[in-house]
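Have a look at this one before I ask anything.
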Amino acid sequence: MILEALSNASGVSGDEGEVRGLIRREIADHVDRLETDALGNLFSVKQTRRGERGPRVMVAAHMDEVGLMVVGHEERGQLRFRTVGGIDVRLLPAKTFLVGNEKRPGVVGMKPLHLLTPEARKETVKLKDLFLDIGASTAEEAKRLAPVGSYAVFATTFERYGRTVIKGKAFDDRVGCAVLVEIAKAHQSIPVSLAFTVQEEVGLRGARVAAERLRPDIGIVIEGTAAADFPRRKDVGTTPRLGEGPTVTTMDRTVICDPGLVALIREIAEQEGIPLQTKRPMVGGTDGGRIAVAGGGARVAVISVPCRYLHGPASLASLHDIRHAAELVALLLERLARPGWRQAVHRAGHRRSAR
């Protein structure tokens, strides 16, 4: 399973090379052309086999994951670090990491409970109180093993939980990358540019460059999104839920998705019997925010796979949701490749609004 390899690979924002190499090797024989830009985005181009002039379609998923970067060294060999991307600091104490290109094992440490005052025990964890321990005994040794600028990723191994649930790190957005790999390998006749983007977790940077290069008419973003099916939390929305299908976004903090495309996605899902959920509006952000405003602008849709515990050491996802997301994206691309795609999008939006 390509997702297992992608999840186990290291690829913090700005250091996506291992992930990019995996994807390149996996799809090289299935696409017409592979290109990498100066920022590190990977583009795979699939030309139409029928000579038709359809819309310029860009399908994007980002390769990078959240992680840590070494910023200093203590006298006794511990590493000071900062987070790269959005990580809840409360999750870090006692978590294991792989540090640097050599993937040296390390653990995040802090003052143990036994040495805290009663008042300190009540305080929230602060980044300044944490350090990364790789077993070095001096600052000189630590600098040699993990110089400033070294990246660290959660030391999490991909596993199956039962028949349909999987556990791993970096499902945001290696699940999207896995879907794009399936699109590249299985659908030879669809004219589409696949963009495996970089640095999404630090400001959607790769997508901005990629979209300016491709100038798409339509951008489709495939993401991992936070599942909200927690027990006994009345103040949290109940969708999306794990195992109940992919989600479609109407609006998040970075983009207002094209209403016609959203309606067409819902129509296809209904016609094909694909379970589909709607993501809670105004939550999170995606590469769609940069794609929508590139060049002369683009219609954007976001299809996501629900994942529990995103941006933490271990996430859970459903194989059924991933499979349904891949099916839905493939069907959408086939619909958009037909003549009259603009009318199809318009009609779907009109039918939805008339209900």
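Cβ from N, Cα, C; glycine included.
Unlike curated entries, TrEMBL annotations are predicted automatically.
From a predicted model like this one, the values you see are computed outputs, not experimental measurements.
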If TrEMBL gives Asp172, Glu223 as binding Zn(2+) 1, which of His62, His324, His346 does it give for that site as well?
His62
According to TrEMBL, Asp172, His311 bind Zn(2+) 2; which one of Glu201, Glu327, Glu334 is listed for that same site?
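The one candidate that TrEMBL places in that Zn(2+) 2 site: Glu201.
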Cβ atoms within 10 Å, counted per site: which of Asp172, Glu200, Glu201, Glu223 has the most, among these recorded positions?
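For the recorded positions Asp172, Glu200, Glu201, Glu223, the Cβ with the most other Cβ atoms within 10 Å is Glu223.
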Which residue among the binding-site residues His62, His311 has the fewest other Cβ atoms within 10 Å of its Cβ, if you could check?
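Taking His62, His311 as the binding-site residues, the minimal 10 Å Cβ count falls on His311.
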Sequence order is fine: just name those recorded positions in His62, Asp172, Glu200, Glu223 with a Cα within 10 angstroms of His311 (Zn(2+) 2 binding site).
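So far as Cα distances go, the recorded positions lying within 10 Å of His311 (Zn(2+) 2 binding site) are Asp172.
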Cβ within 8 angstroms of the Cβ centroid of His62, Asp172, Glu223: which residues besides those meet this for the Zn(2+) 1 site?
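Once His62, Asp172, Glu223 are set aside, the remaining close residues are Ala61, Asp173, Val175, Gly176, Glu200, Ile222, Gly224, Thr286, Asp287.
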Secondary structure at His62 (Zn(2+) 1 binding site) (DSSP, helix/strand/coil)?
strand
State the Cα to Cα distance, in Å, between Glu201 (Zn(2+) 2 binding site) and His62 (Zn(2+) 1 binding site), rounded to an integer.
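Per the Cα atoms, Glu201 (Zn(2+) 2 binding site) and His62 (Zn(2+) 1 binding site) stand 9 Å apart.
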